[in-house]
Amino acid sequence: MASVAIRDVYKSFGSVQILHGVSVGIEDGEFVTLVGPSGCGKSTLLRMIAGLEGISGGDIAIGGRVVNNVAPKERDIAMVFQNYALYPHMTVRENMAFSLMLKGAPQEERNTRVKRAAEILSLSPLLDRYPRQLSGGQRQRVAMGRAIVRDPQVFLFDEPLSNLDAKLRVQMRAEIKELHQRLKTTTIYVTHDQIEAMTMADKIVVMHDGQVEQIGPPLELYDRPDNLFVATFIGSPAMNLLKGQIGTSGFEGAGGISLPFPARPGVAPGMPVVVGLRPEHLRLSDDGFPVKVVVVEPTGSEVQLIGRTPGGEEIAANFRERHAFRPDETIRLSADPGLIHLFDGQTGKRL
Amino acid sequence: MTSIPAAAETRATSSRAPLSESKGFLSFWFMLPAAVLLLVFLTYPLGLGVWLGFTDARIGRPGIFIGLENYEYLWEDGVFWLSVFNTLLYTISASLLKFALGLWLALILNENLPIKSFFRAIVLLPWVVPTVLSAIAFWWIYDSQFSIISWALMEMGLIDHRINFLGDPTNARASVIAANVWRGIPFVAITLLAGLQTIPQSLYEAATLDGAGRWQLFRYVTLPLLTPIIAITMTFSVLFTFTDFQLIYVLTRGGPVNATHLMATLSFQRGISGGQLGEGAAIAVAMIPFLLAAILFSYFGLQRRRWQQGGGD
Ligand SMILES: Nc1ncnc2c1ncn2[C@@H]1O[C@H](COP(=O)(O)OP(=O)(O)O)[C@@H](O)[C@H]1O
Ligand SMILES: [Mg+2]
C-alpha cells in the first residue's frame with residue numbers, strides 16, 4: 001500500500017497536448033475515482049501512473065518515490081484493463097499466477113496465493129478453465145484476481161465494468177468496493193460513469209479536457225460543485241441551470257421568474273449569474289415560479305417531471321410523492337434557499 | 001449450458017425435412033462446377049500419374065502394366081536414394097532457415113518503424129518476382145567467373161580465389177538452399193506478420209505490468225499466440241519447398257554429380273528428358289508419402305488448441 005502523488009503532470013502526443021497540468025494527491029489506502037467525459041485524458045493519466053505512457057512534464061510519485069523513470073514492473077502496481085487483457089492461452093490459474101511465475105516464486109507460494117485470491121473472488125471452481133470459457137463477469141473477476149495475487153502497492157482500474165450489462169455492473173460495483181474495504185489497497189479507478197464514481201469512491205477527481213475540475217468526497221461534489229461543469233456532470237438527472245441575474249431579493253431569470261434567497265457575500269445586485277437547482281430539491285409551493293408540465297414519468301418510487309419555465313428553459317423535477325400531473329398543466333416550484341447553487345454567469349465558478 | 005444445445009437441436013430437427021430437400025438440391029448444383037474442375041484438373045492427372053508409375057510407358061508409346069517393377073528398380077537405384085536424401089536435406093534446412101529468418105523479419109517489421117509500409121513492400125519483392133527470373137539472377141550471382149559475391153569478397157580481401165558455388169557438391173547444396181530461403185522468406189515473414197498483428201497490444205501491456213521483460217513477452221505471449229499461424233505457414237512452406245523444381249532446374253539441373261538432384265528434378269529428368277515416363281511417374285508418386293506425412297503432421301499440429309475453443313467445457 002502506498003500513497004500516490006501526481007504533481008502538475010503534462011502529457012503530449014506529438015504536438016497535441018492531452019493533459020494540461022494535472023495535480024492529484026491520493027492517500028494510502030484511499031479509493032479514488034477519476035471521472036470525466038470520454039476523451040478527457042483519464043486513461044492516459046492512469047497509463048502514466050502505470051508506466052505504459054511516458055510523462056511529458058511534472059512528476060508522479062508512488063509511496064514517496066518519484067517514478068517518472070521507473071520501469072512499469074518496478075512500480076509495484078497492478079492494472080485491470082477495460083477489455084480484461086487475459087492471456088487467452090493460459091488457464092485462469094496460469095493467468096493469475098503469471099506474475100508470480102515471472103518473479104520466480106516457488107510453486108507452493110504461487111498455489112497458496114492463487115488459491116486465496118480465487119476464494120476471495122469465488123473463482124475456485126473456474127481455475128482450470130480458459131478465458132474463452134468464461135462469461136464477461138467471470139473474466140472481469142479473473143482480471144481482478146490477477147491483480148490481487150500480486151498484492152501490489154496500488155490497483156489501477158480502467159473502466160473495468162463498461163463491457164458488462166447493467167445488472168452485472170451494479171453487482172460488480174459492490175464487489176469491487178467490498179474488495180477494497182477488505183484489502184485496503186490504494187485504488188485508482190477510471191470511469192466515465194458518474195454514478196459509479198459516486199457510489200464507489202472515497203474521493204472523486206472530476207476531469208474535463210485534460211484538466212482537473214474538482215477533487216473531493218462524493219457528497220461534497222454533489223453539495224458544493226465548484227463550477228458549472230461539475231454541477232452538471234455529477235448527479236442524475238442533471239442539475240437544472242437557469243440563466244439570469246441577481247435582483248433585489250434574490251434571483252431573477254428569463255420570463256420574469258424569481259427565486260428569493262438571502263443575500264450572499266460577494267453577490268451584488270445586477271450581477272449575471274446561473275442558478276443551479278437539483279431536480280430532487282424542487283418542491284411544489286404556491287409562491288414558487290411557474291412551470292408548464294411537458295412530460296411526466298412515474299417510476300414507482302418517484303415521479304419525474306420535465307417542464308418548461310416561462311422563459312422557455314427546460315427544467316426537471318423529481319418528487320417522492322405520487323402527484324398526478326397532467327401535460328400542459330402549470331405548477332409552481334420552489335427550492336429551499338440553502339439548496340440553491342449560484343454560479344458566476346461569466347466564469348461559471350461557484351459563488 | 002447443457003439445455004441450450006438440446007433446445008437448438010430440437011428446433012433444427014423440426015424444421016429439417018422441408019429445408020434439407022431444397023438445400024441438398026441447391027448445394028448439388030452449386031458444388032457441381034467445383035467438383036468437375038477438381039476431377040478434370042486434379043484427380044485425373046494424379047490418377048494418370050499413379051497409373052503411369054505402374055507401366056513402362058515412354059514418350060510417344062503407351063506402356064503396359066508392369067506392376068511394381070519401376071519401384072523395384074528405384075529401390076536398387078543409388079541416385080534415387082540420393083535424391084531422397086537431397087530433398088529431405090533441402091526441405092528441412094531451408095524450412096528451418098525460412099522459419100527463423102522469417103519470424104525474425106516479421107518481429108522487426110511489427111515494430112514501429114518510420115517507413116513501415118515501404119519496408120513491408122520491399123520484403124515482398126523476392127516473392128513477387130517470377131521464380132525463373134530470380135533463379136536466373138542467382139545463376140549470375142553464383143557464376144564461377146562473374147559472381148558478385150566472389151568479387152566483393154575478393155575486393156575486401158577476405159578470399160584470394162573465386163568461390164566455386166555450383167561446381168562443388170557441398171557448395172552447390174548450400175547455394176540452392178540459400179536461393180530457396182531468399183525466395184521463401186517473404187511468404188513466411190508476411191504471414192507471420194499478419195499473425196503478429198492479431199495479438200492485442202493490451203496483452204503485452206498486461207504482461208509488462210506483470211513483470212515480463214522483452215524475451216519473456218516473446219516467450220509467453222507472442223510465441224504461444226502465434227503457434228497456430230506458424231503451423232499453417234510452415235506446412236505450406238514445407239510443401240512448397242519439398243516440391244521445388246524451378247530453382248534447381250535453372251541453377252544446377254541436379255548437378256554436380258547429382259548432389260542437388262531433388263525428387264522433383266530427378267522425376268523430370270528421367271520422365272521427360274530421358275523419356276522414361278513410367279519411371280519418372282514412379283519417382284513422383286514416391287513423393288506422395290512424404291507429402292502426406294507432412295500434411296498429417298501439420299493436421300495434428302494445427303488442431304485447434306484447447307484455449308482456442310469457445311464456450312462450454
Ligand atoms: N497513443 C495516443 N496517441 C495520440 N493520441 C492519443 C493517444 N492515446 C490517447 N490519445 C488522445 O488523448 C485523448 C485522451 O484519451 P484517453 O486518455 O483515452 O481518454 P479517456 O480515457 O478519458 O476517454 C483523446 O483525445 C485521445 O484521442
Ligand atoms: Mg479511457
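Cβ coordinates are placed from backbone N, Cα and C, and glycine is handled just like the others.
Taken from TrEMBL, the feature domain 'ABC transmembrane type-1' applies to B:84-300.
The transmembrane segment annotation in TrEMBL covers B:25-44 (among others).
Positions annotated as transmembrane segment by TrEMBL: B:88-109 (among others). Packing against the transmembrane segment (B:88-109) from elsewhere in the chain are residues 116, 119-120, 123, 173, 176-177, 180-181, 184-185, 187-190, 192-193, 195-196, 218, 222, 230, 233-234, 237-238, 241-242, 244, 260, 262, 290: each is 6 or more residues past its ends and has a CB under 8 Å from a CB in it.
With a threshold of 8 Å between CB atoms, the same-chain residues lying at least 6 positions outside the transmembrane segment (B:121-142) that come near it are 105, 109, 148-149, 165-166, 175, 179, 182-187, 189-190, 246-247, 249-251. TrEMBL lists B:121-142 (among others) with the feature transmembrane segment.
When Cβ-Cβ distances below 8 Å are used as the criterion, the transmembrane segment (B:174-196) is approached by residues 90, 93-94, 97-99, 101-103, 105-107, 109-110, 120, 123-128, 131, 134-135, 138, 142, 165-166, 222, 226, 228-230, 232-234, 236-237, 240-241, 244, 247-248, 251-252, 260 of the same chain, each at least six residues removed from its ends. Per TrEMBL, transmembrane segment is recorded for B:174-196 (among others).
Per TrEMBL, the feature transmembrane segment maps to B:217-242 (among others).
The transmembrane segment annotation in TrEMBL covers B:281-302 (among others).
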